[in-house]
Structures are given as C-alpha cells and as structure tokens.
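A.B. asks: The structure under discussion is supplied below as structure tokens; questions concerning it will follow.
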Amino acid sequence: MEQLKWHQMGTSELLDSLGSSQDSGLKPSAAAERLEKHGHNELSEGERISPIILLLNQFKDFMVLILMGATLISGLLGEYLDAITIVAIIVLNAVLGFLQEFRAERSLRALKELSAPSAKVIRGGELVTVAAKDLVTGDIVYLESGDRVPADLRFIEANSCYIEESALTGESVPVGKHAAVIGEEELPLGDQRNIGFMGTMVTRGTARGVVIRTGMATEMGKIAGLIQETESMETPLQHRLEQLGKLLIVVAIGLTVMVVVAGILHGQPAYGMFLAGVSLAVAAIPEGLPAIVTIALALGVQRMIKRKAIVRKLPSVETLGCASVICSDKTGTLTQNKMTVTHVWIGGRKLEVSGEGYDPTGAIYEDGKALDLKNDQSIKRLLQISALCNNAVLVRSEPEEQKRRKSKEPQPEWTLKGDPTEGALTVLATKLGSSAKSLEALYQRVKEFPFDSERKRMSVLLSHQGGRLLCTKGAPDMLMEQCAYVLWDGKVVPFTNTLKRKCAEAGEVMALSALRVLGFAYRDLRSTERCETEAEAENNLIFVGLAGMIDPPRREVKDAIATCRRAGIKTVMITGDHQLTAEAIAGQLGIMPRGGIAMSGRQLEAMDDEQLDRLVDNTYVYARVSPEHKLRIVKALQRKGHVVAMTGDGVNDAPAIKAADIGISMGITGTDVSKEASALVLSDDNFSTIVAAIEEGRGIYENIRKFIRYLLASNVGEILVMFLAMMAGLPLPLVPIQILWVNLVTDGLPAMALGVDQAEKDLMQQKPRSAKENIFARRLGWKIISRGVLIGICTLGAFWITLREGGGTAEGLMKAQTVAFATLVMAQLIHVFDCRSSRSIFHRNPFQNKYLVLAVLSSLLLMLGVLYIEALQPIFKTVPIGFREWCLVFVAAGIPTFVMGIGSVLGKSGKTKTNSKWPLGPQSVAR
Ligand code: ATP
C-alpha cells in the first residue's frame, strides 16, 4: 500500500522513509547491505541452456542418430569392435561439439555483460557511475537526455525532463516530468508524473530522483515476461549455411545411396556396404560447419573487444566487412574532445588566452599585453556566463604515484567531470578569476534549460539579490537569432545587422582555424515575467561575445582514414559544429578530396531527396546538422547502393543508428539509447576503432570462407573416391572406420585452426565486398569442386596402383586401403595450407598460423599412430606401409596442389583487384 503512495510524498518524507539524503545519497556500506538483502536490480532472465542440456543436444543431431543406428546394427551382427569404435567416435564428436558450443555461448553472454547499462548515482556524497544492476532503493540517481531510467524513481528535481514511456503506458509522445507532490491516491501509471519507470527513456532534459523500487519489484518487472526482447544472435551467413547444410545432407544421402547400390550390384557384401554408406554419409555432411562458424565469429568478436570494439549484434560482424561508407561524428570521435579556449572575441576586441589543457593557470592578452580584468565589465560578464551556465566540474587530484612518494611539490593533475566543451569554459573562468565557486554565494540556480543538439544552446535562470538573471551560451549563429542587443564597448546597444555581421565574421575567422566557437548572451528578467519554457526565456537577449576553443584531431585518425581510402571505404564527417570548423578539421585529417562538397544542415533541409541523391556521393562534410538530418543522409547513401556505418551518441541519433547498416555508438560519451540502438559500441569513442572493427569483420568472413573451402573440398574428395570406386567395380577404397576418422581428425582440427587464421596482408587494400555476395563467390565454388575432384581422383589412383600390385590378396587390399587412407589424409593436410590464401600456397608463410601447424602435426602423428601402432591396426584395418608406398602417397597427395598452383599462375585465378580509385564513386561498390 505504501508503495502506491510514493507520488504523494514530499521530498523530506520520501528521503526519510528510504533512509537516504538528497546531497550525499546512501553510504557505500549501506548500499552494499541493501544489495545483499534485496538482490540485484535486474529483471529475471529467460532460462539459460544448462551445459548438460547442451551436451545432450549433441546427440540429437540427425547424423549422430544414424551413426547410433549403425552401431546398434553392428552390435546385433556381433561386430563389437566396430560398434565400440563408432560409439567412441560419437562420444568424441559430441564432446568436441559441446566444447565448441559452450565456448561460443559463454563468449556471447560475456558480450552482453560488456554492454550492460550503468547509472550515475550519489554515494557517500560523491557522484559515481555504477552498474545499473547494483542500484538499491534510496540511491539518488542523475538522469540526462538519452539515459534509460535504471530503476523506478521518484523525482526530487526535474529540468525540462521528458520521458518516453510507451513500452509501459502505450503513450507514444514523451511526457513531461516534475518533482512536485501529487495528492491523489490512486493514479494510473501514465499520470504518475513525478515517477520515472525503469526501462523508459529520457528524451530531453535532466532530472534527479531517488530509487523507490528495483528489479522485479519495478513496474517493468511486473510485465517483464511480456516485453523481454529476444534478439536474434544468428547471422545471415549462419542462417544461409544452415540451409546449405540441409541441402548437402540431401545430396550426400543421395550420393551415398548410389554408392551403396553400385557396391551391392558389383557384388560387395550388403552389411559392409551399409556401414560404409552410413560412414560416408556422416563424413560427407559438414555437420561441424555451423559450430565452427560460431566459433570463428565468437573468437573474432573477442579480438574486436581487445581492439576496443564491442559487438552488440552478431550479424553486424558480417556487415562490417561490406561497409563502403563510414559517417562519423567529429567531436570526440575524430577529435580528442579535450577542449581549451584559446581565443575570445568581445565587442570587436580580439583576445588570446594562454595555458594548456585543463590546468586553470593562464592569462588573457590583447595585442600581446596581459589584461587586468578588474574594470573590464564585458569580459567579466562573459566569464560569469561561462562559469554559471555550466555543469562541468574541474577536479584537482594528485597523481597516485606522487602521493605514494610523498613528494614535496606534487604536480596537481586536473581532470574534468562533465562535458568537455563546458569544461573548457570552466577552465577559462577559473583561470581568469571567475570560478563558479566564487560566484556561488551571489547567484543561485533556479532552473536549467539543458543543451540539446536541435537548439544548440543552453540557458540557466539564476536568482540574485537584484532579481533574476538568464545566462545563455550556444552555437553563435543560432544564438544571435535570439539576441536583440549587444554589449559593445561596455554598453548595451541594439544588435544591428552591421554589428551582427561583425560578430558572424569574427566567428568565421575562428572557425577557419579549426576552432569550435561558442557565443554568450544574457538578460535580466522583470519580476513579473514568466520563464517556464525555453521560448519564454531565450529571447531579446544581449549578445556578449565569442570563445574559440581548440580540439585537436586524434593522432591515429589520419592514418585510419587513409587506410579506409585504400580499402575503398569513404569517410564522411557529420557534425553539429560550424561548417568552417568542420571543413578545417576535415582538411587536416585528409577527409575531403579536391572537389569534395561540404554541406550545411540548412542546405540539406532545402533539398529534396532527388537533389540530395545527386550530391551525396561527392559530399564529405555535413555541418550544423541536427540528428534528423543524419537519417536522411543514411537513407540517401543507401539509395546509392552504399553499406553505411554511422556513429552517433545522442538520444536523437538513435533512428539514424538503427537505419544504418552498421549503427555505431560511443562507449564513453554515448547515451544508453544510442548504445541500445547500435550494433557496435566503441569503448574508446575512437574513429580508428571502427576501422579496426571493419578489418576484423573482413578477416572473420575470409576465415569462414577458408574453412568452408577446406571442409567441403575434403568432403567432395571423400565421396568421390568411394563413388568412383563403386562405379568402376573396385573394392571399397576406405573402410568405414577410416572414413569416420578422416571426418573427425583430419577435417575437424585444421578447420578450426583456419577459423583463427591471420588475415592476408592486402585485406584492407581490397574493395568492400558486396553485401549480397554469395559465400561461394570469387571462384570459391570452383576451387572446392576442382580440388575435391582432384583429391578424389588422386586417392583413387594411389589405391588402384597399390591394389594392382597386391595381386588381389586380402593383404594387398588392406595395403591399398591404407595407401588410400594416407593419401586422402595427406592431400587434405597439404590443402589446408592452400586454403589460407586466395592465391596459392606459396603466397604465405605456412608456419605463421601456429594453431594450424599444431593441428596438422597432431593429425599427422595420429595418422602415423593408426598406421604403425599394432594395437590400433586391427581397429582401423591398416597395415604398415613402406618407403615405396609413401613415395606414391606423397606424389598423389601433392598433385592437386601442384595442378591448382599451375592453374592459378596461368589464370591468375582468385586475384582480387586492389582499389586505388579516389574519390570513391557509387559504381565501385556493389551492394
Ligand atoms: P559531433 O556531432 O561531431 O559530436 P558536436 O559535438 O560539435 O558535433 P553538438 O554537440 O551538437 O555537435 O554541438 C553543436 C554546437 O552547439 C557546437 O558547435 C557549439 O557551438 C554548441 N554547443 C556544444 N556544446 C554546448 C553546450 N554544452 N552548451 C551550449 N552550446 C553548446
């Protein structure tokens, strides 16, 4: 009953009943106790597959069932040795399959944890970020636009806060929230305007609330079962391979039946043929394929994590390799997001500021002379707005190292909590003696109209002894539109067009040298004046001046952009910043080619889709854009056939991130909403991480092609040798147990090692592949069939030669079968090195992939064991073979590689053209 009344309580009642405090929140120890008592703030998950079920699932496989049937028949016929060996192989197979799937499942789960949401809370008086699942009742949580509400909260403060609650209330329009008491007792959820519900999202504004319910006790928890999203973790390729697998089953069974019938017609014993047929079917079906694909994907995804790219949606790993355009934010992704104000312009005066980074020491100069600010009211006003219309906090911390050494003169290290743009202004104000602390006693913040990327400005309403003051800062071109006056030579004068032009020009001069420019304005409010909405507040302002801040490009980005260009991927900058700033930085980074276009949000708005489509291929910079423009850009690029990777961090970026082929969000500065919409999270917010992810994406796809090539060519070879022998009326070239052995040892281990193969050197010098490309494209199908046929014929040849020499004796047959077995194994083990390159075996260092060398060596040793260990010979029906036979084995096994090598030299087969075309036209990318 109590819980229904949270909305009726006043702040102090609320905090008392939850044992919390508005300013210092819960003590960490109290929070830990509550967590222990009430459990994590999580919605209970759907059932996880237990390892035992996973293991049992392995035996449900169709082919395993056939094998088990065969075992039963062998057992009934008294062939106990056969039956036991088959059982051993089935168990081994199941264990391998289980290990593969278990590992894949575990890494997928670890991935989910990595992208788990966090929350900003006050604990013990400090603002800290904790995992959302560690929230407890009584925690004071801060929310801002783009955050997902991490638990049920009762608001104690709300600034223009709007929350989208459609998942809970069905109300599709975001609702305004407040912190006032609501008297009524019974209220539908939609009317509980002072409560924030877990899982809903903040679309605008900021708020502070105290946690009243967590986990399954929340409103969302009550309906958790209904809304839990189950996102498909299967990639299109996995899906296609599954279908291919089904087709191959039919083909393999058809061929096996033909082999069995042909064998029986040629006088082979029915039981022997049945067992051979079953083994052949088992061997021919690449049942391990899906598991190896999953492993290759999962391991690739883990390599990506090491390179700071977290994959949220597995299918995007495939799409990454197809990306032909990367649309990137500027601030923080291409640049360092470490801003320092270097220039100030005020009423026609050009000033320079000294000092570096966040260290608040420095001075302001006019014509090279340091200024005394005591009597300079204009600059003081600008500093006042910088300090008060600001949420960033500068923190001085001694480096741990120095603390330990107790050095006499520890160098202070300054860090920033909050938005770097605001941080730069905090530093400016502190540097010049107008820190927020020094103004705190004089001005109290009454209200905030938070920054958003549509208005591109922020305001605060302050009360002071003399009345009320509104301070605003924002993008100068847009802020000037709200100003009627300007502070010029210390006086407030009308903001005439001439003066406006002067201000605009000053801003452009700063922007041309890659500075990010902010404008400042203020006005005093009459006591009767209403100031509830932004529209009521932000008008008739007095323009004060401009501050220009540097934000240096990230060092590694220029190279990454050059890599993209070589890889046929176009880089486009999309930013809310001024066009000239954007162009200057694009120039420094090599984004903009000669003749490339920079477009502003206004120009974009004035165009229809057709006009945009005509320009989109040659546009490299979009400036002063709003989030909805991003969606149009993505769509236009997609219409032109591009596969688009798009970054975003704000709440309004989510639609564009979702619409992009690869939506990318920022791990550090990104909002929850943008992260949830994205397929890839950059844990370091860095552009070059996108390029690394694309490289991995391409590598993973090529590795999948490599082991498909290996596995299927092996299977074709195995079927063909049996098929041709039966058609030619020859005895069985391989006994069933040998076929199963080849399938398990020779096929399995090296294929897995191929899945983690290093990428070829020129991987990032090729055009992106088409998203519609068939896995067998680029002659892979031909390579599989031709190699399979060659392996089949050569194995059969070696068998036939040895058989003829044996003179028809039983021992001669066993020797011939052993030679065929050794030839097949050797041919495959040579082939596996061929598969590493799209060209030929000689193209790459065969010892580079250590796993592969190990897999091949162990396969080889195991084969030798089967041949030469006496105890194993009767099981595997082998006899030891001598030097002459080995020569035959090596020649027969080497022929396929030799023939294909000559073929590739003659036909330059498989050579992919490198892409040196620039700028990249739409024609160069097939979709
Ligand atoms: P990107 O999309 O590349 O990250 P951005 O971060 O520069 O671009 P926005 O954050 O939308 O884009 O900023 C656009 C403009 O709004 C800036 O050029 C600046 O003038 C202004 N601005 C940015 N941050 C603030 C802020 N905290 N308060 C007021 N104005 C701001």
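Each residue, glycine too, has its Cβ placed from N, Cα and C.
All TrEMBL annotations are machine predictions without curation.
Remember, predicted model here, so these are calculated numbers, not experimental data.
So TrEMBL has the following annotated:
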type	residues	note
DOMAIN	5-79	domain 'Cation-transporting P-type ATPase N-terminal'
TRANSMEM	83-99	transmembrane segment
TRANSMEM	247-265	transmembrane segment
TRANSMEM	271-299	transmembrane segment
REGION	399-419	region 'Disordered'
COMPBIAS	399-411	compositional bias 'Basic and acidic residues'
TRANSMEM	707-727	transmembrane segment
TRANSMEM	739-759	transmembrane segment
TRANSMEM	780-801	transmembrane segment
TRANSMEM	813-830	transmembrane segment
TRANSMEM	851-869	transmembrane segment
TRANSMEM	889-907	transmembrane segment
A.B. asks: Pairs of Cβ atoms less than 8 Å apart decide it: which stretch in 707-727, 813-830, 889-907 has the most with the transmembrane segment (780-801)?
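C.D. replies: Out of the listed stretches, 707-727 contacts the transmembrane segment (780-801) most.
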A.B. asks: Which whole number is the mean pLDDT over the domain 'Cation-transporting P-type ATPase N-terminal' (5-79)?
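C.D. replies: Value for the domain 'Cation-transporting P-type ATPase N-terminal' (5-79), mean pLDDT as a whole number: 78.
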A.B. asks: I'd like to know if the transmembrane segment (889-907) touches the transmembrane segment (739-759) in this structure, counting it as a touch only when three or more C-beta pairs sit under 8 Å and are separated by 6 or more positions.
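C.D. replies: Contact criterion not met.
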A.B. asks: Out of 271-299, 813-830, 851-869, what stretch is closest in contact terms to the transmembrane segment (889-907), meaning most Cβ pairs under 8 angstroms?
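C.D. replies: Between the candidates 271-299, 813-830, 851-869, the best contact partner of the transmembrane segment (889-907) is 813-830.
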